[in-house]
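> TrEMBL lists these features:
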type	residues	note
DOMAIN	20-465	domain 'Amidase'
ACT_SITE	75	active site, charge relay system
ACT_SITE	150	active site, charge relay system
ACT_SITE	174	active site, acyl-ester intermediate
Ligand code: GLN
């Protein structure tokens, strides 16, 4: 599938119709889904209907927007009116929301063709998409491996060209890490830039919706469509949304004007040599492009994972209390009183990882432990924020690997949650500080698996991230390589 810009040109010049483009995506889905399993729901009929509407507009000589007629996918934790929203959980098996998430409304208003809902780790808890109650998504570069998570379905679908772009959500890395594992661009915006209204909550102070694209430009177009103030989200920021496309230039700003800080602590133990080499080469490339590169230190970075695994489960334990068999989704019928019904519904409805998080969170918030765990973790969060503030006094953007490893094999870490948690060490601090960051492809390891470089920006500096990622992308060949499944 071509890029958004290319498809738009084809539509406007009547070289192809929106129906043809949608049919191309649906045909690819039919061929690839048995192997890939990136979708939980496919809406072929509604997609074709939307495509026909776009074609009618073009035929009537009306102008169309950049996303009109473009096939996109949504992570299945975004509420879609009249369409199942399962969060890959049994407990929401039959849940059909009566309303759309704000981002879904925005995409619909922009004329995008929504082709389906993608697989995820149950309630976005995980790093491999193996925690889905329904299916395990494969990595298009090697189907024996995971696509990363929790937005693994969206990342794999974009990488395999089952759709042009997709939305995911990122609480501790769930957009950036699967983007890195699948060789696509994924961005987590500044906390509050994109409305969370209608995103099923995992950890509300960390969750943020963001775009996946095969190129930086596609991701920028998608972000521009979904960003903006929303009175329905109390944490939404009132800010002007810049024209992100304006900052996409093949060259970086004049020599020395862009200061890049390499986060020293992210190049330590546990980093795969292939990842280290690729990210270091990418940093050299940025230097060649005119950036002034220096090393910065964020000493509290390493406390990000432990703080997150107190804070995120704490928030999750509160957020998930609403799934009780009464208000949403499934209910175990054979219970003779209310408490037994709650218990049985949750026992059957939630998977192991979700139960683990609820248990940890409930424990951390309970009387007597609150100060020792939750409050302490909040203090660590403040220290991490301060480290970033110091780093941004010296640099315009910060750089690190997105993940210490490339995609691992399915089942490899399934029985060892701690080793999976530790993989988030580079992405989590960014959520704790509410900053924007993106993952851009920066090479392949010796097995041919994609590697991602993480660029972190200061608050609301999405434009700078796009600027740097675009200049880098345009001067490297990585985005042109296609996974085995596609070629
Ligand atoms: N992998 C992390 C977790 O399991 C992050 C998930 C996310 O960003 N949604 O919590």
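Even glycines carry a Cβ here, placed using N, Cα and C.
Can you walk me through where each of these features ends up in the structure?
Non-local neighbourhood of residue 75 (active site, charge relay system): 117, 118, 120, 124, 151, 153, 154, 166, 167, 168, 169, each in the same chain, at least six residues away, with C-beta under 8 Å from its C-beta.
Cβ neighbour count for residue 150 (active site, charge relay system): 36 (other Cβ atoms within 10 Å of its Cβ, all protein chains included). Residue 150 (active site, charge relay system) carries neither a helix nor a strand DSSP state and counts as coil.
For residue 174 (active site, acyl-ester intermediate), the same-chain residues that are 6 or more apart in sequence and have a Cβ closer than 8 Å to its Cβ are 120, 121, 124, 127, 149, 150, 151, 168. In the three-state DSSP scheme, residue 174 (active site, acyl-ester intermediate) falls into the coil class.
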> By the DSSP assignment reduced to helix, strand and coil, which category contains residue 75 (active site, charge relay system)?
strand
